[in-house]
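As C-alpha cells, the structure follows; a few thoughts come after it.
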Amino acid sequence: MLGPIMMDLEGPVLQPHEAQQLQHPAVGGVILFTRNYQNPAQLAALTASIREQRAELLIAADTEGGRVQRFRDGFVQLPAAADLGQLYARDPHVAVDCSLAFGWILAAELRAVDVDLAFAPVLDICGGVSQVIGNRAFATDPNAVIALTQAFSDGFERAGMACTGKHFPGHGYVTPDSHVELPVDMRSYAELDACDLQPYRAAIQAGLPSVMVAHVLYSAIDAHPASISAWWIGEVLRRRLCFTGAVFSDDLSMGGLADYGDAVARTCLALNAGCDMIPLCNRPQDVAQVLSEAGLSPDPESQARLDALRRPRSYRGLDALRASPDYSHYFNVLQDNMNVKVEF
C-alpha cells in the first residue's frame, strides 16, 4: 500500500535513516533532485536501492527540461517549454512533432533508470509577470498550450510514463514565487475559466493521469490556497472538470504555506482538501515530524489513483534505450529542429 507522503533524499546514495523512513506505511513515494544525481549509473543504483526497500514506491523527478532539468550529464539537454511555444508560432505542425519527441525523450530516459514519474508538463499560461514560471510555460495562448500539451503527453505515454499537469489551476499570472511567499491572484473564476483552466479541461478530456496543485490564493474565489482548498480540488477539479486521476500538492515545505501551521498541519489540510500525495522536500525535519506525529495511513481510493500511474518499462538502462530505433527517431526530430544535445 502507498501512503500519502512523498519524501526526498539528502544525496546520491540512500542513507540508513532514509531507508528506515521508506519502510513507514505513510510513505508512498520518493522525489529526486539534482543533489541526488552524479551520473546515469549512479542514478540507476539509487533507484534500485529504493526498490530494495519497497518495490512499490513511486519514484519521481521534479524535472521538465530547460532550467528545471535535474539530471544533465549523460542525458539529453532539453530546451525550455517556451522554445516549443515560439516554434509553434512559426510552424505549428513541426512544433507539435517536437513536443511529442520532447515528451518521449524526457520520459524514456527516466524510465530507463527506473524513475516512474516526471512532474511535467507545465500547463500554466504565461501571463508575462511570473519569473518562477516564465519560460517553463509553453505559451500565452491557451490553444497553443493545449496542442503542445497533448503532443507532450502522447510522447510520455508512448515512452511508458504518466504525465502530471501543473500548477492547477494556474500560476502564470502572479508575480511572487510560491517557494518564498504565497502569491495572490485576484482574477474572477470566469477569467480563470476562460484562460487558465482551458488546458486542464482539454487535457482531462484526453485522459490526463495526474495533476499538481498550486500554492496560490485566488482571493476573489476561495479563502484557501488551491493546494489546501476542497473547493478547488473537490468542486472544480473533480466535479466541474470531471478529473478522476491522482492529485499531488506542490511541495508542502515551500514558503507559500508558511502561515498555515507546521508540517503536520499543512499535510492534514492538503489531504483533507483532496490531495492524494504530498511531496515534502528540502526539510528532512518535516518528513520526520509528519511520519512520527501525523498518524497517517494509506487511503484505498488514493491508492487506486496512484497505482494507475504505473507504466511498464520498455528499456533497462540508457545504453539499451539509445540503441533503439525509437530513440534515434525522436532524438533526430529534436536535433533537426531544436538543436538539442547529449552531454557525456
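Keep in mind that glycine also has a Cβ here, set from the backbone N, Cα and C atoms.
The feature active site, proton donor/acceptor is assigned by TrEMBL to H179. The active site, nucleophile feature in TrEMBL is assigned to D250. What TrEMBL lists as substrate binding site is D62, R70, R136, K166, H167. Annotated domain 'Glycoside hydrolase family 3 N-terminal' per TrEMBL: 17-292, in sequence order. Under the heading site 'Important for catalytic activity', TrEMBL lists D177.
Mapped onto this structure are the features recorded in TrEMBL.
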{"residue": "D62", "record": "substrate binding site", "contacts (Cβ under 8 Å, 6+ apart)": "I31, L32, F33, V68, R70, A118, F119, C281"}
{"residue": "R136", "record": "substrate binding site", "contacts (Cβ under 8 Å, 6+ apart)": "E64, G66, R67, V68, A80, A81, A82, V122, D124"}
{"residue": "K166", "record": "substrate binding site", "contacts (Cβ under 8 Å, 6+ apart)": "F119, A120, P121, V122, L123, D124, V211, M212, V213, A214, D250"}
{"residue": "H167", "record": "substrate binding site", "contacts (Cβ under 8 Å, 6+ apart)": "V122, L123, D124, I133, M212, V213, A214, V216, D250"}
{"residue": "D177", "record": "site 'Important for catalytic activity'", "contacts (Cβ under 8 Å, 6+ apart)": "Q131, V132, P183"}
{"residue": "H179", "record": "active site, proton donor/acceptor", "contacts (Cβ under 8 Å, 6+ apart)": "V132, D251, M254, G255, G256"}
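DSSP classifies R136 (substrate binding site) as helix under the three-state reduction. For R70 (substrate binding site), the Cβ neighbour count at a 10 Å cut-off comes to 19, with all displayed protein chains included. Every protein chain considered, the tally of other Cβ atoms within 10 Å of the Cβ of D250 (active site, nucleophile) stands at 29. Mapped onto three states, the DSSP output places H167 (substrate binding site) in strand.
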